[in-house]
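To start, the structure under review is shown below, and the notes come after it.
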Amino acid sequence: MEDSLTRPSSPAGLSCYVAVSQLLGLTVIAMTGAWMGQYRGGIAWESALQFNVHPLCMIIGMVFLQGDALLVYRVFRNETKRSAKILHGLLHAFALVIALVGVIAVFDYHRKKGFADMYSLHSWCGITAFSLYFIQWLMGFSFFLFPGTSFSLRSRYKPQHVFFGVFLLVLSIATCLLGIKELLLFNIQTTYSSFVPEGILANILGLLLIVFGLVIGYILTWDEWKRPPLAEELALSMDFKTLTKGESPSCSQ
């Protein structure tokens, strides 16, 4: 009973915004699947439809799962810090794997069709986002999950890790918007200005991607919704500070 009283409750409004973010994310995935299925012929690996694997995987991995991974410390407020770290890392790992499938799909498709690679702004931003995302995951694992990393080193790296986490989500969404525009110009350039259904669907998809990013960003930057340290985490932090000053933990009041 006492433990439940000391656990911080979820702040007012947080659950609502998190629910909105999930609804937006799932809607974006569903719309991407509908676009590929209704207007681009569907999704398959061993056929001309292999390209369609790319947009769906990139939106699932680099947008939806990446956004969810960033929300872990806001949503799971009463779990241990280590549990939250593991979930945070696993979600990012799943996002990387799914995004890698999307990257392989588009390069393999280009190779089979004899198309050029890496010439557009979309592709440059995309490979940059994926590469930095992989490096970010490796750095996060090394600093926060790998045993033996000092507390002071983690503390110094944490602001950079948080900044690049938000930056990579923004870059990923911007890259998706470039990809949507590029795909529309390749496929319906002559009819795009006539407000054809495919163009309208893709435009709405782009707007929803932006709104998804805004909601995630709002949740992450609202100070009142930050995950407060649990009692045991505060005790460990105080003990560390005391020890670094050359005192015994038992001396602290």
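Any Cβ shown, glycine's included, is placed from N, Cα and C.
Pulled from TrEMBL:
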- 20-221: domain 'Cytochrome b561' (DOMAIN)
- 12-33: transmembrane segment (TRANSMEM)
- 53-74: transmembrane segment (TRANSMEM)
- 86-107: transmembrane segment (TRANSMEM)
- 127-149: transmembrane segment (TRANSMEM)
- 161-180: transmembrane segment (TRANSMEM)
- 200-220: transmembrane segment (TRANSMEM)
Within-chain partners of the transmembrane segment (200-220) [C-beta distance under 8 Å, separation at least 6 from its ends]:
14, 17-18, 20-21, 24-25, 27-28, 31-32, 34-35, 39, 59, 63-64, 67, 70-71, 74, 166, 169-170, 173, 176-177, 180-181, 183-184
Using a Cβ distance cut-off of under 8 Å, indicate which of 12-33, 53-74, 161-180 has the most pairs with the transmembrane segment (86-107).
53-74
Within the predicted model, mean pLDDT of the domain 'Cytochrome b561' (20-221):
96
